[in-house]
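Enquirer: Pulled these from Swiss-Prot:
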type	residues	note
BINDING	GLY329, PRO330, ASN331, THR332, GLY333, GLY334, LYS335, THR336	ATP binding site
DOMAIN	712-787	domain 'Smr'
Amino acid sequence: MNKKSLSTLEFYKITDQLVSYACCDGAKKILRNLKPMTDITDINLRLNETNDALSRIFQKGTVDFSQTKDIRASVARLKVGSSLNISELLNISAILSCAKHVKDYYEHREDSISGMLENLATVDALNSQIKKCIISEDEISDDASSNLRSIRRSKSIANDRIHSELNKLLNSPTYRTYLQDYVITTRQGRYCLPVKAEYKSAFPGMIHDQSSTGSTLFIEPAAVVKLNNDIRELELKEAAEIEVILADLSAKAGEHTEELLCDYEILVELDCIFAKAQLARHMHASRPVMNTSGIINIKKGRHPLIESHTVVPIDIYLGTDFKLLIITGPNTGGKTVSLKTVGLLTLMAQSGLFIPALDHSDIAVFKNIYADIGDEQSIEQSLSTFSSHMTNTVKILKEADENCLVLFDEIGAGTDPTEGAALAIAILNDLKMRGVTTMATTHYSEIKLYALSTEGVENASCEFDVESLRPTYRLLIGIPGKSNAFAISKKLGLPDYILSDASERLNAEDVHFEDIVSDLEHARISLEKEQAEVESYKAEIASLKEKLQAKNERLDERTDNIIRKANEQAAAILKDAKDFADETIKAMNKHGMTVAELEKHRTAVREKMNKNQAKLKVEPAKVKAHKAHDISEFKTGMHVKVLTMNVSGTVSAIHPAKKQVTVQVGALSTKIDIKNLEILSDYKEPKEAPSKAAGGSGKIKMSKSAGISTEINLLGCTVDEAVARLDKYLDDAYIARIPQVRIVHGKGTGALRNGVTAYLRGVPYIKSFRLGEIGEGDAGVTIVDFK
């Protein structure tokens with residue numbers, strides 16, 4: 001990749017940012033030398049790594065690689081059998097600890113970096129041994145070996161003895177007058193006392209040092225010379241034992257040189273990958289879609305070196321209908337920034353970095369990128385001359401091909417406008433004919449006309465607000481830039497007569513061209529305003545639609561709650577009424593009743609039902625849409641569903657005039673409008689024989705037994721249908737004093753049998769029930785015995 005272009009497009013400023021996110025020195029060095037790649041497979045692999053690292057950061061946060069020390073020199077020494085010092089062994093422990101932390105922190109998942117994580121070798125035994133033996137760079141643990149512990153214990157005892165002897169001298173009345181100070185000190189590793197110089201002959205011992213004034217001598221008392229010698233001997237033994245411990249640890253580390261080296265390389269690579277992910281997160285960048293077709297389609301691209309609160313995103317595309325894009329517009333209007341944005345984002349993408357643009361932005365892979373940009377807008381370089389521009393251009397024309405991207409800033413500038421425009425058109429046309437993807441900025445109208453009249457070339461402009469005299473930095477592809485010199489001059493107060501004189505001096509063709517461009521600009525602005533209004537209306541409609549939908553959902557929820565509560569209340573009332581009716585039937589069967597007594601009980605039941613009905617204070621629930629039935633469709637014995645109560649029953653009477661039918665629900669009988677009924681099946685209950693009173697006895701005799709079967713067949717019914725039919729059948733059978741009945745429900749999935757069993761448990765007048773035995777129908781029937 002062209003190094004000059006990397007510098008011109010400020011790629012190294014991106015790598016400087018990238019380096020700041022790396023933790024270890026090895027990763028920083030690699031990232032500082034990062035260069036764009038030209039193989040799309042390698043690029044996509046690096047982008048996959050960045051993407052997967054970013055995903056892991058979002059899920060579990062980042063991890064610290066700062067303990068990844070460069071152990072390559074230490075490993076090389078281990079390979080030849082050398083012993084490592086304390087610092088080197090601590091670095092190896094740090095590498096192993098970091099490997100374990102990274103491996104444990106990021107759980108297993110299949111992605112582009114999972115293989116690296118799996119290949120990390122933690123070598124726990126070695127790491128534990130190093131940590132056990134070494135406390136810090138200055139201290140070896142007593143637990144490193146039993147011999148070291150013994151030596152240090154002896155050394156401690158010797159220290160205590162020597163301090164005891166010295167303290168005796170300090171407290172001795174004889175020697176106190178000889179001492180300059182009452183402290184114990186060390187000189188040359190030996191314990192001494194500070195003695196006044198004039199008493200040196202009176203204080204037996206060895207002189208090791210004196211004060212700067214010479215008034216104090218540091219004398220090792222004769223009484224502790226042997227003890228000092230003992231301590232010195234123990235110190236030498238301690239040092240020798242430490243060397244043995246370090247040699248032993250080094251030997252153990254030497255058994256894992258390949259794992260240690262592999263861990264270091266993997267951790268450095270992971271640090272690089274996670275640094276790229278951190279940069280992407282900081283820039284709010286996204287993954288580009290790479291291609292080898294020369295297509296660039298950047299959506300809302302932002303120059304990464306411009307402050308996020310000031311940068312204006314641009315949409316820019318080329319490589320499909322055209323490969324040469326001419327950008328025109330005022331100075332400081334964003335033309336050069338547009339060039340640099342395309343060039344820099346391409347370099348970033350080819351380096352495996354995410355780009356500050358919207359998702360699914362397309363970036364082409366180029367073999368080389370050439371940038372001839374007059375760096376008048378860079379504080380680091382001075383204005384280029386025409387000669388230097390032309391030198392760059394000659395080099396570009398020699399080297400560029402269809403796999404390259406060429407960026408020209410103010411092509412043909414710095415010389416006579418007529419000659420400069422002609423040269424620029426010739427250069428651009430040559431690159432177009434060779435299929436080179438090219439972007440160029442210019443002020444020349446001739447180049448705008450060339451773009452308008454040449455296939456495969458497109459105009460673009462940087463928008464300028466004449467009212468505020470400020471560029472908007474928006475890039476508009478398909479519209480050539482308009483020279484705003486006259487409008488700006490008038491806005492700034494230049495007299496009209498000068499403007500008029502200048503207009504007359506313009507070439508007629510130039511005036512016509514500028515008028516066309518001006519008309520296009522006005523049409524574009526008008527269209528954008530209309531489009532903005534349409535988008536505003538669409539957003540308002542969407543908002544209203546969302547609010548209406550939310551309101552309807554709340555209303556539906558409220559309605560459902562009302563219906564649910566009403567159904568619960570109705571079910572409770574029905575249960576209350578049925579329980580009362582059951583008790584009445586039980587009493588009637590037990591004692592027998594006169595017709596008058598029966599009528600009295602019937603009146604009591606009706607009064608209780610009326611009271612229960614009064615409790616229902618909710619509005620009738622809205623009935624869900626269903627097929628409307630005509631009164632002629634209803635037959636006695638037909639099974640129906642009462643939609644307002646969500647219960648099933650049997651038609652016992654029909655009232656055509658009122659379009660109502662009487663529905664029997666268990667022991668409860670009530671009139672219902674047919675609009676609130678749904679026919680469930682054409683099933684008809686067997687006709688019941690009319691009850692007759694026994695001859696003058698005044699007792700009710702149940703002669704229904706002649707019309708009540710000892711068996712009910714529920715095959716083909718749903719659970720709800722079966723329970724409704726079973727409820728009425730059992731009432732009739734109990735009243736008819738049939739001692740035992742047989743319920744046929746089949747085996748099937750068991751749902752119907754379970755529903756029947758659950759219902760039977762709540763019937764008060766049932767003595768017992770069981771599944772059929774062999775010969776009775778087995779598990780396909782249930783036998784019920786009444787009380």
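In case you wondered, yes, glycine gets a Cβ from its N, Cα and C as well.
Fair warning: this is a prediction, and the values are worked out from it, not measured in the lab.
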Enquirer: By a simple count of other Cβ atoms within 10 Å, which of GLY329, GLY334, the binding-site residues in the record, is least packed?
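Expert: Comparing Cβ neighbours within 10 Å for the binding-site residues GLY329, GLY334, GLY334 has the fewest.
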Enquirer: Where DSSP helix means H, G or I and strand means E or B, what are the helix, strand and coil counts for the domain 'Smr' (712-787)?
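Expert: In the domain 'Smr' (712-787), the DSSP-based counts are 30 helix, 19 strand, 27 coil.
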Enquirer: How does the model score the domain 'Smr' (712-787) in terms of mean pLDDT?
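Expert: Taking every residue of the domain 'Smr' (712-787) together, the mean pLDDT is 86.
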Enquirer: Among all the protein chains here, how many other CB atoms are within 10 A of the CB of THR336 (ATP binding site)?
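Expert: Here the count is 22.
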Enquirer: Please list, in sequence order, the residues in the chain of LYS335 (ATP binding site) that are at least six apart in sequence and whose C-beta is under 8 Å away from its C-beta.
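Expert: Non-local contacts for LYS335 (ATP binding site): ILE327, THR328, GLY329, ASP409, THR441, CYS462.
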